[in-house]
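What follows is a set of notes on a single structure, which appears directly below.
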Amino acid sequence: MKAIASTLNWVMQGKSGVAATIQTTFFQIVILATNILTGMVTARILGSEGRGELAAINLWPNLIGQILALGLGPSLLYNLKKYPTQAANLYGAVLVLGTLLGALGSAIGVGIIPMVQSQYSLQAIRYAQLFVLTTPISLLTLILLNAYRARGLFSVVNQTNYLSPILTLGLLGGFAGTRSMTPLTGALAYRIPFLSIFIWKFVDLWRHYRPGFRNLRTSIGLLLPYAWRSAGINILSQVADRLDQVLVVGYLDPDAMGLYVVALSVSRMLSVFQSAIVTVLFPKTAARPISEVVDLAGRAARVNIWVSVCAAVPLMILGPMLLPFLYGPEFQEAVTVFQILSLEIIVKGTTLIIAQVFMAVGRPGIVTLLQGVGVGLSFPLMFWLIPRFGLLGAGVALLTSTTARLLFILICFPWVLKVDSPSLIPRWSDLQILWRTILRRSQPQSEDSR
């Protein structure tokens, strides 16, 4: 019992890379389970068409915010570690930049939504325009969480991530119980907790950093070089992640969007472990020697493949029964695209983990170039396949472009870093090392040895 308590304490403190990854994985599972429940509630009450409208309303604030963040999040993390004495000024500068970019994003969203969502009702378009006004908050949330990561406070980041879906589930349950569930109230159930948590964390960070605004030019000068170099990968990653949803919204009706969102959300069950690795890996590897970073990222990628494949195979087999059982008979049509997206998420997770090597050694521009090639392939594929093959076309295009991105990143290791690319063939020894680390860390005296 003492060993178990010691292990739990080590995990919850999250001071080492392995502990932080396990902790983040646990909370990702909590988030995943909650998201599955929220999806079941909305899908069963609203049906595929109503679920599609809800997804379209909620799509834009996060999408535009993630694109216009322009690499400021990774830049804040990198510079807080490099210039700790400038923390207050760096934090103040990023608040100003984030607010201005968020306001720009809201204006862009209000203008483009009627054009992209032309197949939706006027009411759904107006609701989407209203919600896109919260883009500054989405953008600032993405950036400011990196201030916690820079301090190694992954537990706070996890808290922020899991509280929102839990509160959303509670609100959805209330709307369902009072029979007042609509696409609008469903969207509010997602947005209100997000805004509340943002205010809470904003105040907490303000008290810690006491942001300064007097030396904005100098602070912005520190932030922008890294931000510009990583902006491309940020923009292209978000375009790659959300392009399929944007084109499904634009080309297909709300019913198809509802089916696609459900298939996408269930397939993302497989991203739990890889998301935890990516969250922890960059802060833990920043400024380390290249050989050490490559070795660590390669091992993390192989462990991710082990875990993801073991989870994906039974999930894909059970898909034809799982989707109708969870969401209702009308979602049987989403099974095939769900299976394709399950394969895609394994490739995507491996790509994201390997890409952290270039971020950690200060070469984000290389990843930007390689991501651009992948996205350049996805655009024509999706434009051609989605109108002709619907949901299936979206899944195939996404899998193809993601595979191309992985291949390009692997080629870049010998080309740019002059080192061999990490092996992605799963090894039993990687799991053994992980297990030995967990056992070793269960001893209290070894906690600070790594």
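Note that Cβ sites are derived from N, Cα and C of the backbone, with glycine treated the same way.
As given in TrEMBL:
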{"type": "TRANSMEM", "residues": "25-47", "note": "transmembrane segment"}
{"type": "TRANSMEM", "residues": "59-78", "note": "transmembrane segment"}
{"type": "TRANSMEM", "residues": "90-115", "note": "transmembrane segment"}
{"type": "TRANSMEM", "residues": "127-148", "note": "transmembrane segment"}
{"type": "TRANSMEM", "residues": "160-178", "note": "transmembrane segment"}
{"type": "TRANSMEM", "residues": "184-203", "note": "transmembrane segment"}
{"type": "TRANSMEM", "residues": "215-237", "note": "transmembrane segment"}
{"type": "TRANSMEM", "residues": "257-282", "note": "transmembrane segment"}
{"type": "TRANSMEM", "residues": "303-326", "note": "transmembrane segment"}
{"type": "TRANSMEM", "residues": "338-359", "note": "transmembrane segment"}
{"type": "TRANSMEM", "residues": "366-386", "note": "transmembrane segment"}
{"type": "TRANSMEM", "residues": "392-417", "note": "transmembrane segment"}
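Comparison of 59-78, 127-148, 160-178 by number of C-beta pairs under 8 angstroms to the transmembrane segment (90-115) places 127-148 first. Among the listed stretches 25-47, 59-78, 127-148, 215-237, 338-359, the one sharing the most Cβ pairs under 8 Å with the transmembrane segment (184-203) is 127-148. Most Cβ pairs under 8 Å to the transmembrane segment (215-237), among the stretches 25-47, 59-78, 127-148, 160-178, belong to 59-78. Sequence-distant contacts of the transmembrane segment (127-148) (same chain, at least 6 residues past either end, Cβ-Cβ under 8 Å): 56-62, 64-66, 68-69, 72-74, 76-77, 80, 91, 94-95, 98-99, 101-103, 105-106, 109-110, 113-114, 117, 120, 154, 156-157, 160, 183-184, 187, 191, 194-195, 198, 201-202, 205, 209. Proximity of distant same-chain residues to the transmembrane segment (338-359), defined by a Cβ-Cβ separation under 8 Å and at least 6 residues beyond the stretch ends, is recorded for 74, 230, 233, 262-264, 266-268, 270-271, 273-275, 277-278, 281-282, 285, 290, 293-294, 297-298, 300-301, 304-305, 308-309, 312, 315-316, 319, 323, 366-367, 371, 392, 395-396, 398-399, 402-403, 405-406, 409-410, 412-413, 416-417, 421-422, 424. For the transmembrane segment (160-178), the list of distant contacts is 27-28, 30-31, 34-35, 37-38, 41-42, 45, 141, 145, 148, 185-186, 188-190, 192-194, 196-197, 201: same-chain residues at least six beyond its ends, Cβ to Cβ under 8 Å.
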